[in-house]
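Trainee: Quick paste of what Swiss-Prot says about this protein:
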- D21, L22, N23, R36, H59, L60, G61, R62, R113, R146: substrate binding site (BINDING)
- K197, E324, G350, G351, D352, T353: ATP binding site (BINDING)
Amino acid sequence: MNFQRMTDLNLAGKRVLIREDLNVPVKNGVITSDARLRAALPTIKAALEKGAAVMVFSHLGRPVEGEPKPEQSLAPVAAYLTEALGQEVKLFTDYLNGVEVEAGQVVLLENVRFNPGEKKNNPELAQKYAALCDVFVMDAFGTAHRAEASTEGVARFAPVAAAGPLLAAELDALGRAMQTPEKPMVAIVAGSKVSTKLDVLNSLSGICDQLIVGGGIANTFLAAAGYNVGKSLYEADLVETAKQIAAKVSVPLPTDVVVADASQINFEDFLGSLAAAQAVIKKVEDVTANDMILDVGPETAKAFANILTTSKTILWNGPVGVFEVDQFGEGTKALSLAVAQSDAFSIAGGGDTLAAIDKYNVADQIGYISTGGGAFLEFVEGKTLPAVAVLLERA
């Protein structure tokens with residue numbers, strides 16, 4: 001992909017406006033997870049080292065536009081950046097008509113979603129953002145699938161528009177996996193419903209050599225192959241769709257599964273009741289009417305791990321079982337370790353996938369972990385991300 005990169009630009013004395021994703025959880029004024037802030041720091045530091053006058057902006061939460069509320073202010077983020085950067089980072093609440101900032105200094109602009117017109121990508125608001133800077137840097141991959149004034153609109157009007165290091169790294173990794181994958185390529189796509197991952201499955205079926213499915217998605221594929229899935233979560237209306245996908249790409253199905261008796265499961269306390277439920281390993285053809293499939297069995301986990309070991313590119317989206325409960329997490333654990341130990345280039349994305357990576361402590365052995373969530377899925381679906389498309393146009 002051809003786009004301008006912040007790292008290639010001369011920023012000395014330039015006013016640089018950086019769109020980061022600083023949407024962190026805040027409870028009683030305290031940031032409870034700083035992962036996104038830590039991810040943004042290298043970009044901010046790099047701009048400072050290049051001699052830029054740096055303005056950073058982001059959204060936080062889902063405020064009503066034009067109705068700022070203290071609990072949705074970026075004030076805790078300004079305090080965090082002040083400490084992390086070793087310089088006072090002032091928070092500007094009134095910035096649309098200009099901001100005073102010197103070279104080597106960082107300021108934070110208040111929550112963009114306080115500004116009327118932000119979500120609807122109002123061109124007048126986008127032009128006001130653009131007027132603040134000499135260079136606009138888009139570095140928030142997690143919001144790249146949204147055409148908003150601070151992500152897409154500003155990039156149209158800024159004198160120069162470039163990708164920050166975080167965004168560039170995401171696009172490079174996704175491009176490597178989706179556009180120029182080294183073969184054989186294997187994708188793991190798991191989740192509760194085929195319907196929510198249908199575009200992902202269709203897109204990957206045209207790229208992958210093998211498509212490993214898990215969770216409720218695997219149950220729908222098992223039903224399509226004529227197996228009884230008992231009381232397992234599956235989508236009867238998408239059985240034909242599963243057959244069509246399986247006709248396009250190799251979809252290795254589980255040969256054994258881990259089940260629980262559905263009568264032992266309380267859906268109002270799903271994980272709690274699963275923790276007390278008995279896990280039973282069964283051949284897939286032995287699943288009975290009252291069984292609920294909650295993980296792949298050890299034989300299947302080993303077979304899937306062997307597929308991953310011999311692949312050159314792995315894209316992973318979703319755990320293959322209810323890994324939050326240990327007796328239904330062995331399949332996800334085995335696949336996590338197989339991805340980690342494989343020599344393949346691996347990219348992983350999606351909230352549950354990241355939680356599994358954390359649980360099994362394999363983050364350092366995954367080639368690239370996408371922070372994008374919805375943007376990651378839309379890229380994998382083959383959709384154009386508005387904030388990326390404008391950077392390609394401006395290149």
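Using the three backbone atoms N, Cα and C, a Cβ is placed for every residue, glycine included.
Here the structure is a predicted model, which means the values were calculated and not measured.
Show me how these features fit into the structure around them.
Mentor: For R113 (substrate binding site), applying a Cβ distance below 8 Å and a minimum sequence separation of six or more within one chain yields H59, L60, G61, R62, P63, E65, Q72, K119.
Counting only residues at least six positions away in the same chain, the Cβ atoms of W316, N317, G318, P319 sit under 8 Å from the Cβ of T353 (ATP binding site).
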Trainee: Can you tell me whether DSSP puts N23 (substrate binding site) in helix, strand or coil?
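Mentor: Note: N23 (substrate binding site) is coil by DSSP, not helix or strand.
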Trainee: Max Cα-Cα distance in Å among K197, E324, G350, G351, D352, T353, the residues listed as binding ATP?
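Mentor: With K197, E324, G350, G351, D352, T353 as the binding residues for ATP, the largest Cα distance is 21 Å.
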Trainee: Could you round the CA separation between G350 (ATP binding site) and N23 (substrate binding site) to a whole angstrom and send it over?
Mentor: 16
Trainee: Looking only at DSSP and grouping its letters into three states, which state does G351 (ATP binding site) belong to?
Mentor: helix
Trainee: Express the distance between the Cα positions of E324 (ATP binding site) and D21 (substrate binding site) as a whole number of Å.
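Mentor: Cα-Cα distance, E324 (ATP binding site) to D21 (substrate binding site): 27 Å.
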Trainee: Can you tell which of the binding-site residues (G61, G350, G351) has the fewest other C-beta atoms within 10 angstroms of its C-beta?
Mentor: G351
Trainee: How big is the gap, in Å, between the Cα of N23 (substrate binding site) and that of D352 (ATP binding site), rounded to a whole number?
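Mentor: D352 (ATP binding site) has its Cα 18 Å from the Cα of N23 (substrate binding site).
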